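As structure tokens, the structure follows; a few thoughts come after it.
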Amino acid sequence: MSRFLICSFALVLLYPAGIDMYLVGLPRIAADLNASEAQLHIAFSVYLAGMAAAMLFAGKVADRSGRKPVAIPGAALFIIASVFCSLAETSTLFLAGRFLQGLGAGCCYVVAFAILRDTLDDRRRAKVLSLLNGITCIIPVLAPVLGHLIMLKFPWQSLFWAMAMMGIAVLMLSLFILKETRPASPAASDKPRENSESLLNRFFLSRVVITTLSVSVILTFVNTSPVLLMEIMGFERGEYATIMALTAGVSMTVSFSTPFALGIFKPRTLMITSQVLFLAAGITLAVSPSHAVSLFGITLICAGFSVGFGVAMSQALGPFSLRAGVASSTLGIAQVCGSSLWIWLAAVVGIGAWNMLIGILIACSIVSLLLIMFVAPGRPVAAHEEIHHHA
């Protein structure tokens, strides 16, 4: 079992590493490519676009051909794209490399969640996804630090060579450690069960909405945090970095505590707790009389996301034993596109950073609480499938 957990964690971590590691080198990248930092900031959106594009096909391919046939090319593409970025001499080529990086990371991301659905029952999967969420929270803190240490001795291109090395490690794991987990092709008698695993299932759609809104909350916070903390609240850059590190610490602590909480409380209780924390955070930020109270509200955001997101993802994947790849893709596309659409629309309409965050917190909590209370699983689902090793 440990081989599946190690491989899944490695596959997922390519995604945040590809986002956070290069940011520290952005000024030098812009200077070398004769582009402005503002022009290269689009590299984040291009990377997410690549991930979303991969998710359009990766899940279906993973369900038809297996998890390894998607993970291996995905890791290989991430390696090639990382090298391509390091060799880019224009901003156009650099952005093209970032899109290809996103494609590779997206393939690996989808496969990771499908593997966890294949190999774990509902309760263990919720615990593992909570742990995975905690580990993912470490990357935004450690990746820039690692990038800074690399750039003390080497040029910015070395950042992408480091990403390529990470991709090689994931590729080796996928080739030699990961065993195929896709359930064997269903017999004729299993076709009704396969057809019943509809993406239009009310319970699945409710969890898609909940997880998409939750991701929108956390990405809105990350996207607006420089404005909130440095421009509105007046913190210096060093203080901003310290606060963000502390929020990551809160996220990690809660994420690592959630598996223990699942041994005491029902998953539904933790999901309700998550949304109550979001609502409390929104109200706190709306009426905050001081910076200290506002910072407390921010910690509630991090705690709320960490206590509920892994549980909601586990519930969303639960009904899908034969279509776990497609379900994972659907969740990923909804989360990436939904959160990006909200942030873009709020910017176009001219909603300020503070109100943008308060608005999504309150909307997420109200909608999600209603869905949690009124949309229950339609039927019991198989805890997990027996793992079939394919040659």
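Placed from the backbone N, Cα and C atoms, the Cβ positions cover glycine too.
The topological domains that Swiss-Prot gives for Ala31 and Lys179 carry different names, which places them on opposite sides of the membrane. Residues 22, 25, 28-29, 32, 86-87 of the same chain, all 6+ positions outside the topological domain 'Periplasmic' (152-157), place their C-beta atoms under 8 angstroms from a C-beta of that stretch.
Between the transmembrane segment (356-376) and the transmembrane segment (269-289) there are at least 3 Cβ pairs closer than 8 Å, counting only pairs 6 or more residues apart in sequence, which means the two stretches are in contact. Using the rule of three or more Cβ pairs under 8 Å, pairs at least 6 apart in sequence, the transmembrane segment (131-151) is in contact with the transmembrane segment (245-265).
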